[in-house]
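J.: Annotation comment: TrEMBL describes 322-337 as compositional bias 'Low complexity'. Among the features that TrEMBL reports, domain 'EamA' is placed at 24-155, 171-310. Under the heading region 'Disordered', TrEMBL lists 320-349. Per TrEMBL, the feature transmembrane segment maps to 21-40, 46-65, 85-103, 109-131, 138-159, 171-189, 201-225, 237-256, 268-288, 294-311.
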Amino acid sequence: MNSGDIKTRLRKEYETPSTCTTHLALTLVQLIFALMHTLANPSLKHIPSFAFCTLRLAIALPFLYFFGRMEKPTQTKDISWKQRFWFVPMGTFLGIAYLLVFVCNERSGAIAVASVQPLMPVCTAMLSFAFGLERMCFLKAFGCLLGFAGTVLAVRAHRIFDEVGPSVEDVLLLLLQTCSYSFYVVMVVKATKSGMKNYGMTFLFGATLFAWTWIFFAGGLKQIFIDIDWENEVPAYAWGGVLFSGFGSAVIAHGINSWAITRVNGVLPTVYSGVQVAFTVLFGLTFLDESLEAIQFAGIAITVVGVYCVARSRAEEREEIISSATTTETTETETTTPTADAQRQKDDDDVEELVELVVAVPDAVPHRPSLDL
């Protein structure tokens with residue numbers, strides 16, 4: 001096989017990947033996320049969470065800016081200064097989520113942090129329902145209930161009053177980390193509904209820049225320039241943890257995930273969050289001397305089942321919307337009046353926007369240049 005055939009095959013696999021390729025890509029993404037949790041854990045003993053998060057975001061920001069520029073040709077209008085104020089609440093919640101990943105890792109361990117990640121789609125579903133962005137059917141409500149019940153077991157929240165159990169603060173921080181990112185996702189959808197279509201990466205860059213700013217001044221500045229003795233206290237592996245978290249996770253993993261979720265069923269990326277937990281458990285038990293109780297394992301499994309129920313419900317909603325739109329279009333009588341044509345176009349746009357929202361919210365990953373929110 002010559003180089004031309006290889007390039008052609010790779011190009012075809014990129015545009016229309018096989019089932020094996022997409023599953024391998026999604027597995028690789030979760031492996032990278034698990035490695036981030038694992039590598040960050042020992043690094044945080046030398047680089048505290050505020051400094052670690054500040055450095056990680058500083059590495060990722062140039063690449064996020066580049067992805068935002070790639071998205072610009074698909075945008076129908078430039079973002080106004082008034083609309084840029086969306087970056088403030090987005091960056092606040094996104095920054096909390098970014099920061100607490102490492103705060104919780106430092107306090108509770110890598111396995112505990114990974115165990116709450118599958119809860120994100122569940123939180124997003126409940127917040128979307130609360131803000132009127134989607135409905136709540138029985139299957140989705142059942143999935144949300146399973147998700148929260150499983151997470152309670154996974155983080156051992158039922159043992160907060162035991163001497164060997166986690167503290168109330170640890171449990172609340174873990175749940176806050178998950179809910180904060182879900183708030184960011186819902187705000188992206190709300191901003192999109194206000195007329196800012198194809199701004200997924202633009203929102204991510206602006207929110208991350210604001211998040212980096214307040215994290216830097218809230219604690220990163222002091223830790224980086226005063227508290228840390230960089231020459232004597234920071235080994236090479238700690239720097240490796242920062243670099244991997246900034247480039248490997250924020251750039252490579254999100255890039256692969258962005259490519260994959262545009263080419264597979266929307267349910268898959270959501271359910272694959274359970275693979276991240278499995279990898280983190282394996283690495284945590286092997287390299288970090290962490291432990292996992294049987295009840296935690298059961299909780300993780302219950303959470304993943306709940307996430308699947310939520311994702312399946314959303315997939316059915318999307319199919320229902322598309323089917324309804326197709327039926328309406330085929331039964332609609334033809335008309336040539338400008339008013340009727342304009343109304344029909346408006347209805348089509350509304351249906352398209354609704355379908356895109358149903359697709360965007362479930363995965364809770366607005367990290368792709370081609371994101372059609």
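Any Cβ shown, glycine's included, is placed from N, Cα and C.
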J.: Sequence-remote contacts (6 or more beyond its ends) of the transmembrane segment (85-103), Cβ cut-off under 8 Å?
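T.: Distant contacts of the transmembrane segment (85-103): 37, 40, 44, 49-50, 52-53, 56-57, 113, 173-174, 176-178, 180-181, 183-184, 187-188, 191, 196, 203, 206-215.
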J.: Who are the chain neighbours of the transmembrane segment (237-256) in space, where the CB to CB distance is under 8 Å and they lie at least 6 residues beyond its ends?
T.: 25, 28-29, 32-33, 35-36, 39-40, 42-47, 52, 55-60, 63-64, 67, 365, 367-368
J.: Which listed stretch (46-65, 109-131, 138-159, 201-225, 294-311) has the most C-beta pairs under 8 A with the transmembrane segment (268-288)?
T.: 109-131
J.: Are there residues at least 6 beyond the ends of the transmembrane segment (171-189) whose Cβ is under 8 Å from a Cβ of it, and what are they?
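T.: Result: 86, 89-90, 93-94, 96-97, 100-101, 103-104, 107-108, 112-113, 116-117, 119-120, 123-124, 127-128, 131, 133, 151, 155, 157, 160, 200, 203, 207, 357, 360-361, 364, 366, 373.
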J.: What stretch, picked from 21-40, 46-65, 109-131, 201-225, 294-311, has the most CB pairs under 8 A with the transmembrane segment (138-159)?
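T.: When the Cβ pairs under 8 Å are tallied, 294-311 comes out ahead.
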J.: For the domain 'EamA' (171-310), jot down how many residues DSSP puts in helix, in strand and in coil.
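T.: Each residue of the domain 'EamA' (171-310) counted once, the result is 118 helix, 0 strand, 22 coil.
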J.: Report, as numbers and ranges, which residues of the same chain sit near the transmembrane segment (46-65): CB under 8 Å and 6 or more residues beyond its ends.
T.: 40, 98-99, 101-103, 105-106, 201, 204-205, 208-209, 211-212, 215-216, 218-220, 222-224, 227-228, 233-235, 238, 241-243, 245-247, 250-251
